[in-house]
Amino acid sequence: MSTESMIRDVELAEEQLPKKAGGPQGSRRCWCLSLFSFLLVAGATTLFCLLHFGVIGPQREEQFSSGPPFRPLAQTLTLRSASQNDNDKPVAHVVANQQAEEELQWLSKRANALLANGMGLSDNQLVVPSDGLYLIYSQVLFKGQGCPSYLLLTHTVSRLAVSYPEKVNLLSAIKSPCQKETPEGAERKPWYEPIYLGGVFQLQKGDRLSAEVNLPQYLDFADSGQIYFGVIAL
């Protein structure tokens, strides 16, 4: 082969090289365009999902973060009704008459006493206005000086029910301040004995409750807050 023919073959190969390279470059451009389109669609889909579910963008819940939580009207009315029902429950707290001599007499018209929401005081008894559970409580304070004889002090809360004609004791307690009689000529030392009673009972409308002692002459009327009787609806 001559030198001229070899040179001609090389020139022909160089002319054909761009044509052969054009095929791979075209397919590469198509692949890049497809990848760009896929990424664009995927990005748009992701952005839509984030906006739809509130991950990004303005959040309405933050507008109420500084104020009180939103409460439906029905829930507000229910809570208000429950509060009003609690305030409407019957309640009584009466205190002893400090002017009574050797008698336990209950008074409701005092600064530290009350009758509310249907509770009544009649014949020294508290009258229940409606059926339900009630907390009943009472306290008395006995005092004396020396022991002329053996003493038994009792405090009792009784119920006179509409459905039962006889009085029934609900709460009762006994205390003895004197174990033995004070001898003649010995020092007569003062003594004090408090008794507190309390319990929960099912009562009916019209029931009458009384708090009594067996020896009222030993009651200490020095302070009205020491002797009291009360009922609270639960």
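The backbone N, Cα and C atoms fix where each Cβ goes, glycine too.
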- Which one is it, Cys49, Cys178, that Swiss-Prot ties to Cys147 with a disulfide? Cys178
- Task: Might you list, by sequence position, any residue in that chain lying six or more from Cys147 (disulfide bond) with a Cβ less than 8 Å away from its Cβ?
- Result: Pro177, Cys178, Gln179, Lys180, Glu181, Thr182, Trp191
